[in-house]
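These notes are about the structure you will find just below.
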Amino acid sequence: MDAVKIHSARIVKNAPGRLYRALPAVVLGTMFNVLDAVSTGLLLFPAEDGSGPTQFRDLQIQGLSMYIMSTILSQVAMTLGGSRFPGALGAMLIEILPFLRGVGSDIRNALGADNPALVPTVMAAYALTSFLTGFVFVMLGLLRLGGVVAYFPQTVLTGAIGAIGLSLFILGLGLPLPEASPPLTLSSAGSVLFGKSHLPILAASFLPPFILSVTKRSKHVDRWTRGAVHNAYYVPAYLVAIPLIFWIVAAAKKVPQEVLITNGWLFRVQTPADQRGIGTQWIYWREFNFSRVEWWALRHAITNIVLLVVIGVLNLPIYVPALGFTLDVPYNMNHEFLGQGVANLLAGVAGTVPNILQYSYSVFITRAHGGRIECAIVTILTFVLFLTASLLLPYVPTVLASALVLFLGIELMLEAVWESAQSLILLEWCIVIGTLLSCTFLGFAEGFGVGIGAAAVVYLVFGVVDSRARAVRWEEWNETQKFQRHGDDSPVPKLISPLNHTPSISDSDIETPSLGQTQASINGAQVDRVNVRVIVLTGYVFFASIPSLEAQLLDKKRHTPFIIADLATVYRLETSAAQCFDRAVRDLTPRNTTIVFCGVRKGSGVHADFERAGVNILFGADQSNESGIITFQTRAEAVEWCRFQQAEKNTIPEEPNTELDLSRNYEQFCQLFGFSATVLDGETTTIERDASTLKEIPTELDADKFWRAGAKLVHYPPGHTIFTTDGCDDRFVFMIEGQAKVMSQTETLHRPALYSLMLKLPKETFIYIRSEIVGYWRNSKMRRRLGAGDAISNKGLGGQEVYVVAHSRSSVIELQRGRAAQVLFEWARTRARS
């Protein structure tokens, strides 16, 4: 009982702060629902055809109420666990609006405009579409067909996001059109939008969202405002200011409300006297009269009903992966199917229209730090709106609804078109644009099919181009085959396939270099076997490889501390496939599982694909200080690194005899490089290893003086970078144990993103010509293997762009300017030059 009291007191104490943090998301979510209800709810029933009694004219409030009720039921289902996205917002699916109106028109044409059974039959048809949509969703979830969605190309999903943005942008432009204005079409857009009477409304609708989008994305504005434009309150406060300014100006000019409605500044909401007041919105249920329903008339609307259900079902597999991709969160498609099915069945029971998870609203609510609590508050406020709709909505200016929809459209289009150009290559970006245009002009279902067809064609083109014969250096081939020389239990598969999986590694698989001595005592029995899984990828890894790749990487039944992805025989990765590894790292971090790459060379095409996708590949020695995926050249080196990490983790640290270890390494250094303690006294700078120097036995006092002079002992595991040329002679490395390899460093990206390609094309052309000319005359003869007794410096490596990687566990002594004593540093400079 005391625990309950303490917990309750804590909740009450934290409530004010929690509500304050929830305010931006709550305001934004409520505003979305209010303005969507005005812009869409009033259009739920078909327009009058000009003949006969106008039965649909007085159903505006009923349509508004049905829209809000569908939104509330969808939000209840999402908040109570119907979606894995914490900030998920649900509402009526706008894309089905033409089909809903088509159902009403078909039934009106079958029954006649003056038939008293018209409205009851249309209401029953609308509820039936909710039942059918919910049933299909539930069946898809029960049959566990959500995995099929994972095969959708990410470029097509990005194009669909852009199409959603473009459709919202067009809808936003048409919202404030006056009643007497002709419909907004491609042919009439110029005269309708840029007419003299409409220009003020267009400016008031378009400029605020345009300025809002620019200020949120501009680095200069961010610097001037000290980050205020990225505050969670910025967007809600900006949008709330629009109606305040509108009504201040309207009141100052004393413009009558009817004039504002006629000119398109306010919505016309026709409300009969018996529908005014609080709580009257339940009256849409009065329109249900099953004794008057003409069920035979539904067969005339069967085409629109089927299209409505199909479009509604197809949109969820588009929205959910796109939402997971945008927010970088995991999702379960089968769970989303079941959640949406329950939401639509509830809508059918309530007699309202189908609903769905909203992509754009969920993105902005989540970015405003909204979660389930915030969405629950939004649901409550939306219900209050449901009760008071007839009183509040006539005072909502059209420019506010238009500004919000335009802002969403601009943001989604920029995300799909501009931001994708910074990570996709030209052909992948063309798929995005093709899908966007197809979805806009042909419809979402048709456009999605066109996008998948375009992705298949591009994949075929890549396959033809990249299937050409490629000459490979003998040394490079030999390194990739080193692992296969031993008889093992889990050989590299001989069949060529996009994904092959070897479940475990045995000791016979690994050519193990000596670990050498370490500062901590490592029990050899603990490193005899490391629990590692190896996933082998080959050829072109594209969107169709993602489902099986994610299944192997995220397999919960086979937990291992390390997963090695062997990319030695991969020659290309699609951007979405490369980003799949980043998501896997995020999902595997809580399980204490590390992903390691092997077979990726610095500057290679595969490295370029990862860089373009924003995946950080770590080749350097500072791997532990950066976030990214550690990479080795061969699988043996990767397994050896995993074994070393596991050994360090499992070994109980013991106090090493540091003084003895440092003395031994100092003695090795003196013997290998002819160093004498007299150098520190400034008495000599000789580097000749004569007999007297070699016979001199260093003392512990000499070793202590050496280390205090700034020398540093460093141990490098296999695969870590020991030295990278940078053009500055301020660091010298002296190897006393182990072996290292000198490798070429190439920074040219073979497959840059479209945006980077356009910017770098002139510069890259010049660099290529210059490198070819200089490379023709440069003498490339250089030692490729280094070991104990070798000194490493920029000058010693010939001034070329190379890096030195530990081949086995290596111990080195580093002397760096600013840390080492000047006399010691000068000795190192002289010794390295020799």
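From the backbone N, Cα and C atoms, a Cβ is placed for every residue, glycine too.
Note: TrEMBL annotation is automatic and uncurated.
As written in TrEMBL, here are the features:
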TRANSMEM  21-47  transmembrane segment
TRANSMEM  123-143  transmembrane segment
TRANSMEM  155-177  transmembrane segment
TRANSMEM  233-252  transmembrane segment
TRANSMEM  301-322  transmembrane segment
TRANSMEM  373-393  transmembrane segment
TRANSMEM  399-418  transmembrane segment
TRANSMEM  425-444  transmembrane segment
TRANSMEM  450-467  transmembrane segment
DOMAIN    531-642  domain 'STAS'
Please count the residues of the domain 'STAS' (531-642) that DSSP assigns to helix (H, G, I), strand (E, B) and coil. 47 helix, 33 strand, 32 coil
Counting a contact as 3 or more Cβ pairs under 8 Å, with residues at least 6 apart in sequence, do the transmembrane segment (233-252) and the transmembrane segment (21-47) touch? yes
Listed stretches 21-47, 123-143, 155-177 vs the transmembrane segment (301-322), most Cβ pairs under 8 Å: range 123-143
Top partner of the transmembrane segment (155-177) among 21-47, 399-418, 425-444 - counted as Cβ pairs under 8 Å: 399-418
